[in-house]
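J.: My questions will all concern the structure given below.
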Amino acid sequence: MGCTVSAEDKAAAERSKMIDKNLREDGEKAAREVKLLLLGAGESGKSTIVKQMKIIHEDGYSEEECRQYRAVVYSNTIQSIMAIVKAMGNLQIDFDDPSRADDARQLFALSCTAEEQGVLPEDLSCVIRRLWADNGVQACFGRSREYQLNDSAAYYLNDLERIAQSDYIPTQQDVLRTRVKTTGIVETHFTFKDLHFKMFDVGGQRSERKKWIHCFEGVTAIIFCVALSAYDLVLAEDEEMNRMHESMKLFDSICNNKWFTDTSIILFLNKKDLFEEKITHSPLTICFPEYTGANKYEEAASYIQSKFEDLNKRKDTKEIYTHFTCATDTKNVQFVFDAVTDVIIKNNLKDCGLF
């Protein structure tokens, strides 16, 4: 009888050991699966971060993939110069050379067909080049905070000669700079440091936000993107609303949401390069009238960081991991994402009882 009990006990012990082993393996597998949600207001750089993940973790864009972005580069370039020329009328800025008015008419006559066909014909590129060289156009570009303009406008317009070549193939940097409004949800998968990442990029404009909700379940971490350089801009969809204020409002609702009590929140204060250039001539008081510090990068950026971090109502239990980023700079994003991954690994192991 004793032998039978002993055999049963042994079998039960083996089963228990196997269950423990399976639970541990499941725990380790769960710890290796990372679901990242990219959130933030429109034009904060979320899609650029996704493109960087492809460049850093998936061997980048092939020549054929780059070629497919050519029409987007052309469209962004045409849309940018058109936005500047249209704004000249509203801001009552004249062309320095009166003959540029003919070029402006040509621009509007040729642009529609060019965009539809995804091309940049030589006559149109010459028109754009002459317009961009005009002092009146440059004066209007200098006042771009007063109207809606792509961040990549100067990048493409300054490089028009290269872009207009008949054999032009966009570079990785050209692809990073392209702007296409994200509608719906874009999912990206990659592996890094033995972790399997699923990254979800969702549209930031107000009309897109209702599509976020079903992505929330089982999220490991949220990367919330803020355009630092948007402190003196208004929304494309609501010209009464300051973009930074909108971003803060959105961050408040995400950071303090009951869904995300146990979710790591990583704050990317993005477009630091544009902010550093802009802060010298556009004061932070435009956005924060109470600000009394210097209009210098370090002090102003630190102030914005504290404004966002102060929105966290659970400081005793919830930490915000803040990074200053330039989403178009691959080395910077690589460095920051490395640090972010270490935080995720540590928190994941803790949650699975393995740390």
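Positions of Cβ are set from backbone N, Cα and C atoms, glycine also.
According to Swiss-Prot, the protein has these features:
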{"type": "DOMAIN", "residues": "32-355", "note": "domain 'G-alpha'"}
{"type": "REGION", "residues": "35-48", "note": "region 'G1 motif'"}
{"type": "BINDING", "residues": "40-47, 176-182, 201-205, 270-273, A327", "note": "GTP binding site"}
{"type": "BINDING", "residues": "S47, T182", "note": "Mg(2+) binding site"}
{"type": "REGION", "residues": "174-182", "note": "region 'G2 motif'"}
{"type": "REGION", "residues": "197-206", "note": "region 'G3 motif'"}
{"type": "REGION", "residues": "266-273", "note": "region 'G4 motif'"}
{"type": "REGION", "residues": "325-330", "note": "region 'G5 motif'"}
J.: Looking only at the region 'G4 motif' (266-273), what are its DSSP counts of helix, strand and coil residues?
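T.: Summed over the region 'G4 motif' (266-273), the classes give 2 helix, 5 strand, 1 coil.
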J.: Roughly how many Å separate the Cα of V180 (GTP binding site) from that of S47 (Mg(2+) binding site), to the nearest whole number?
T.: 9
J.: Would you kindly give the Cα-Cα distance separating T182 (Mg(2+) binding site) and V202 (GTP binding site), rounded to the nearest Å?
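T.: Cα of V202 (GTP binding site) to Cα of T182 (Mg(2+) binding site) measures 7 Å after rounding.
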J.: Give the nonlocal contacts of the region 'G5 motif' (325-330) in its own chain as ranges (CB under 8 Å, at least six residues past its ends).
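T.: For the region 'G5 motif' (325-330), the list is 45, 48-49, 52, 55-56, 172-173, 176-177, 225, 268-273, 336.
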J.: Could you round the CA separation between S47 (Mg(2+) binding site) and N270 (GTP binding site) to a whole angstrom and send it over?
T.: 12
J.: Take the Cβ of G40 (GTP binding site) and count every other Cβ within 10 Å, whichever protein chain it belongs to.
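T.: So the Cβ neighbour count for G40 (GTP binding site) comes to 25.
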J.: Where N270 (GTP binding site) and T182 (Mg(2+) binding site) are concerned, what is their Cα separation in Å, rounded?
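T.: Approximately 18 Å lies between the Cα of N270 (GTP binding site) and that of T182 (Mg(2+) binding site).
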J.: Just going by other Cβ atoms within 10 Å, which of the binding-site residues S44, T182, N270 has the emptiest spot?
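T.: Least crowded of the binding-site residues S44, T182, N270, by Cβ count within 10 Å, is T182.
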J.: What does DSSP assign T182 (Mg(2+) binding site), in three states?
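T.: Coil, per DSSP.
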J.: How does the region 'G1 motif' (35-48) divide up by DSSP, counting helix, then strand, then coil residues?
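T.: For that range the per-state counts are 3 helix, 6 strand, 5 coil.
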J.: Which chain-mates of L176 (GTP binding site) that are at least 6 residues away have a CB under 8 A from its CB, listed by sequence?
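T.: Expected: T48, K51, Q52, I55, A327, T328, T330.
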J.: With every protein chain in view, what's the tally of Cβ atoms within 10 Å of the Cβ of V202 (GTP binding site), excluding that atom itself?
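T.: Excluding its own Cβ, the number within 10 Å is 21.
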J.: So of V180, A327, which of the binding-site residues has the fewest other Cβ atoms within 10 Å around its own Cβ?
T.: V180
J.: Around S47 (Mg(2+) binding site), how many other C-beta atoms are within 10 angstroms of its C-beta?
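T.: Step by step: centre on the Cβ of S47 (Mg(2+) binding site), count other Cβ atoms within 10 Å, giving 22.
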